[in-house]
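Asks: Here's a structure for you.
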Amino acid sequence: MSSQLEQLLKSTPARLHVGGSVMRPSTQAMLKMWADHAAAMDTVFGDVNPQVLEPFDLVWLQSRAAETKKIYLARPDLGRLLHPDSAELLVEKGTQGADVQVLISNGLSSEAINENISDVYPAFLQSCKQYGLSVPQAFYIENGRVALMDEVGELLKPKAVVIFIGERPGLANPASLSAYFCYQPRKGTIEAERMVISNISQQGTPPLEAGAHLGALMRKIIDKQASGINLV
Amino acid sequence: MKLTTALQGAHYTFADLKDLFAKANEEKSGDQLAGLAARSSQERIAAKWLLSEITLSDIRNNPLIPPEQDEVSRLIEEAVDESVYRQWAGTTVSGLREWLVHPETNSKDILHISKGLTSEMIAAVAKIMSNLDLIHVSGKINAITSCRTAIGHKGTLASRLQPNHPSDDPDGVRAVMYEGLSFGVGDALIGINPVIDTFESVKRLFDVMNEVVEKEGIPTQCSVLSHITTQMKVAEAGTACDLFFQSLAGTEAGNKSFGISVAMMDEAYELAKAHSRRGRTYGPNRMYFETGQGSELSAEAHHGVDQLTLESRCYGMARRYNPFLLNTVTGFMGPEYTFSGKQIIRNALEDVFMGKMHGLTMGADVCYTSHIASDQNDMENLGVLLTAAGVQYLIAIPMGDDCMLNYQSLSFQDIASLRQTLGKKPGHDFARWLSARGLFHEGRPSERAGDLRVLVGGR
């Protein structure tokens, strides 16, 4: 293979030069693509492994879209709200007016939680401690959406909320996590007020690094009393 | 206008034309999310039945979104050719369907009456057409448009080569361009979705594409799918921009969420028509649009109107600008608007039909995201259906996997096999270039086709 060709092929993760004929790709290339899609499908429809979350003593809550994945996918509006029983439980087990309230949700990728939470979450807690931020009882939310933080903000009145949530999986990486955060999220918070560290995964933003960086960002938005477009 | 009917022993009443329009749609998760969908299969058919009996003048006289409230409504209303409309005003939606599917009705007839129809009338007839109705009528209509090259000729299937890269890397873009071109893909256009929508980034991507196209003498057109204002700045600074791209919505508020207005698009269109560069000659069609059912709802800008009708209104807006091409990206919008492969297939057939009914050169991104209940087989099925429907171009990416936007579409191999299986050729000028480069022989891919080394080695 010429060095020029090699350099070109190395410069992109696109599936190039896969063999087969001009009409159909090689069997191997086709099945590899299907396998990667299968992994993406399975992580959307799969479940979080409770053992992974056990060390963190989370309280488990449900969104209003927790009944089935079909409802979750078709009704993002319901994923933004807590089931009434869960809202009660949140108030019962939660702490009012803390610095940082942590939420964890499977979102669109259960594997994102399974693979990354054990690294990113302890690193985040450590970082918050260093910055002198209080982080009370955290919650796991089944089938949540990012904007669910608004209801939690209303009910517990923390200074900031962060939600670790599985991203929509791509074929290159079905286990990518996002951390969305916002200063005082409330009903009516607009998307531009939220901030995000995305692509947290072994191949993307390293989870340990993301956790540490996120603590610093929490300190910043709390000190500035603003996030997103309001943060100048 | 009658809004009450009986079907199979039950009575159905619809609140207004908007309600009737929404409930006459095939099942779409976006209509359900908006709270507009039929509550049962029978109610859906009752709505179709009633809709089939109303006249085109009923539709015109009862605007779903009043022109006083919305500039897209105004633009559609003002574009109606009154003399054509008058001949059809008394025709029912059913009558229009039956005329469209009549063996004697041809492309020229349809493109003529299109001028007298509003986007809402075209949406209405789509609602009462079966999938094969849509395929059959779409297949009759063909509009030819011309930018650097012409596309849309009967018997051709063109394609958009989409060399996206997760960090807009020039070598990465070139690699995918060479691979796609070697398969005979890229005759409609080569179009990149940029990661970063800035002047520098958009200019650089144009430069990368223009360089390859000029060096190899490829008869095609290039586009960077940034916001229209970024492209305008890049063009004004002297870079050759063959096509001017923008996403459109079917309402003024939806367009506002995209950061555009009719006035802004009018300005872009004037600039596009005047924009030229040394060594490039252009036909009259310089705009490129993408649309997709559900974008208005996602921007909370749907006015209680169903997503099929709003999609049709996008085409009503598009035709003001005589675009070179337009493609639907239904399937990219997410399961809350298009839940499954079945819904993607139906939406795409509707969109291509409605676009062609507006006289547009229509393409499709045959695609899905990983959280939609669909797979590559659904896309291949849809590729066959749309090719049969005379879709003018399809988007293709390496092995159907977009490593930047994280969704799946058709592959380069799919374009080659769709052409071969259904007897279609690449665009005329492009086919000549493919032959000259030894990639095609006697109108078919040669033994060297599908190997990017032909182009990389030749430099």
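Even glycines carry a Cβ here, placed using N, Cα and C.
Keep in mind that what you see is a predicted model, and the values were worked out from it rather than measured.
So TrEMBL lists the following for this protein:
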| type | residues | note |
| --- | --- | --- |
| BINDING | B:Arg160, B:Leu161, B:Gln162, B:Asn193, B:Glu290, B:Asp365 | substrate binding site |
| BINDING | B:Pro194, B:Gln246, B:Ser298, B:Met404 | adenosylcob(III)alamin binding site |
Asks: Would you count the other CB atoms within 10 A of the CB of B:Leu161 (substrate binding site), including those on all shown protein chains?
Replies: 27
Asks: Around the substrate site (B:Arg160, B:Leu161, B:Gln162, B:Asn193, B:Glu290, B:Asp365), what further same-chain residues have their C-beta within 8 angstroms of the site's C-beta centre?
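Replies: Counting only non-site residues, the set is B:Leu189, B:Gly191, B:Leu225, B:Asn327, B:Ile395, B:Ile397, B:Ser409.
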Asks: Applying a 10 Å Cβ distance cut-off over all chains shown, what neighbour count does B:Gln162 (substrate binding site) have?
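Replies: B:Gln162 (substrate binding site): 25 neighbouring Cβ atoms within 10 Å.
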Asks: How big is the gap, in Å, between the Cα of B:Gln246 (adenosylcob(III)alamin binding site) and that of B:Glu290 (substrate binding site), rounded to a whole number?
Replies: 7
Asks: So how many other Cβ atoms are close to B:Asp365 (substrate binding site), meaning within 10 Å of its Cβ?
Replies: 26
Asks: How would DSSP class B:Gln162 (substrate binding site) in three states?
Replies: coil
Asks: B:Arg160 (substrate binding site) has how many other Cβ neighbours within 10 Å of its own Cβ?
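Replies: By my count, 28.
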Asks: How many whole Å apart are the CA atoms of B:Asp365 (substrate binding site) and B:Met404 (adenosylcob(III)alamin binding site)?
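Replies: With the alpha carbons as reference points, the distance is 15 Å.
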Asks: Can you check which residues sit near B:Ser298 (adenosylcob(III)alamin binding site), meaning Cβ under 8 Å from its Cβ, same chain, 6 or more apart in sequence, and list them in order?
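Replies: Within the chain, B:Ser298 (adenosylcob(III)alamin binding site) has Cβ neighbours under 8 Å at B:Met333, B:Tyr337.
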Asks: Restricting to the record's adenosylcob(III)alamin-binding residues (B:Pro194, B:Gln246, B:Ser298, B:Met404), give me the longest CA-CA distance in Å as a whole number.
Replies: 22
Asks: I need the CA-to-CA distance for B:Met404 (adenosylcob(III)alamin binding site) versus B:Glu290 (substrate binding site), whole Å please.
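Replies: Cα to Cα, B:Met404 (adenosylcob(III)alamin binding site) and B:Glu290 (substrate binding site) are separated by 18 Å.
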